[in-house]
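Novice: Let me give you the structure first, and then I'll get to my questions.
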Amino acid sequence: MATTTAADLLDQAAGGGAPTAETDGDAFASKLTREADIIIGVYLILIGTGSTLGNGRVLWLSYRNWKKLRPVELLVASLAVTDVGISLFGYPFAATSSLLGRWSFGTAGCTWYGFTGFFFGITSIATMALMSLLRFMIVYKGYPGSYPSRRKTGIIVAAGWLYGLFWACLPLAGWSQYHVEPFGLSCTVDWGSFSRDANGMSFILCMIIFCTAVPVAAMVASYAAIFYIYRRAKKGVDRHLKNNAVMSQKRREVERSITLMALAVCGGFLFAWMPYAVVGMWSAVAGADAVPIALASAAPLFAKSSSLWNPIIYLGMSDRFRLNMCGCFATPTQSQTAVHAHPQQPGAPLPLSPRGPLVSNLPTAVGPLPGALQATNIQ
């Protein structure tokens, strides 16, 4: 008969974790220490609260200015909805389970959590890819008028949501399944099915291609093309503005702001989700036991932080959002009233907006624009 030694008691006290799946066959038991469980629970509460408040502000601002929103801003609002959705329908389950030291909502709750996380996640990825493609199309080809109609933009938004719904329903229909993650506190797509059967392998391969590789390639290619077009267009802008050094400097600042905005959106997404994709593929090929438990738990937690970054990017780097947000709270001052009462005189420099179209930010007296800029209209 086995006896418990003092060393064993010390080890249990130091670990403090719940029974593991290896020791009692419970897949829903945490494999982490009790301290780690609590830290993860607090982390998810903070991320969920911050994401809900931040994206809620974006949605509130979008509602206040609904009729004035441009196409890319409608996609930003859609992206905020996905972030709020995962914060409200997903994080409370994982945070509660972390604080309790085990997944506490059974198999049905595991399926629900996996479905909502996958649905909102794929919808978010698809929305970001569509946003980058829309920006490229506006820059490269242009549209009749300044921007595509709200109806066409609505179709684009709906396409992103239907894409996410399609992929999220496939495991429910029997192509793979939702399963508890290796550390036992949340659920996701069953990465381990890749090495078990052809059904799981085919789903994981298709998911990697169509839910990760294709959207990432679309974002990288679109923003690279935008930067290239802007770089060529900048030379023509500088030639037309050579007699107006102040305006030329402002034009360069506008271009730099747009470039940083695009880089932050694409880079933030890749930075948050690529580690999770790598760890998921690693566990699929080598098996869940081959991935260190610390890495297997850290990667999805880091990916969850992406829902908090988006409002920081848009509210922090977009002058249009920031100024409109301030305008919602601020009361008109005497100087602002005077500006509205006395419109800008003809010939005065036009105010610049980093989110405004490139053409509308040019002075009216500089003559015709170079061909590269006549079709350029970016947000």
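Heads up, the Cβ atoms here are built off N, Cα and C, so glycines get one too.
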Novice: In TrEMBL, which of 257-276, 277-296 is tagged transmembrane segment?
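Specialist: Of the candidate stretches, TrEMBL labels 257-276 as transmembrane segment.
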Novice: What is the average pLDDT across the domain 'G-protein coupled receptors family 1 profile' (54-314)?
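Specialist: Overall, the domain 'G-protein coupled receptors family 1 profile' (54-314) comes to a mean pLDDT of 82.
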